[in-house]
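According to Swiss-Prot, the disulfide bond annotation covers Cys5-Cys21, Cys9-Cys23, Cys14-Cys28.
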Amino acid sequence: GTFPCGESCVFIPCLTSAIGCSCKSKVCYKN
């Protein structure tokens, strides 16, 4: 939840979830 993964998740899920990122406020964050 602290480090932006440089990915948006407005229309599609976070592809970066493979490395531990999750969607928050339309942006993918790690931790």
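Quick reminder: no glycine exception, Cβ is built from N, Cα and C everywhere.
Positions of Swiss-Prot features highlighted on the structure.
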residue: Cys5; record: disulfide bond; CB count, 10 Å: 19
residue: Cys9; record: disulfide bond; CB count, 10 Å: 20
residue: Cys14; record: disulfide bond; CB count, 10 Å: 20
residue: Cys21; record: disulfide bond; CB count, 10 Å: 22
residue: Cys23; record: disulfide bond; CB count, 10 Å: 18
residue: Cys28; record: disulfide bond; CB count, 10 Å: 21
- Query: To the nearest whole angstrom, what is the C-alpha distance linking Cys28 (disulfide bond) and Cys9 (disulfide bond)?
  - Reply: 6
- Sort Cys14 (disulfide bond) into helix, strand or coil using the DSSP assignment. coil
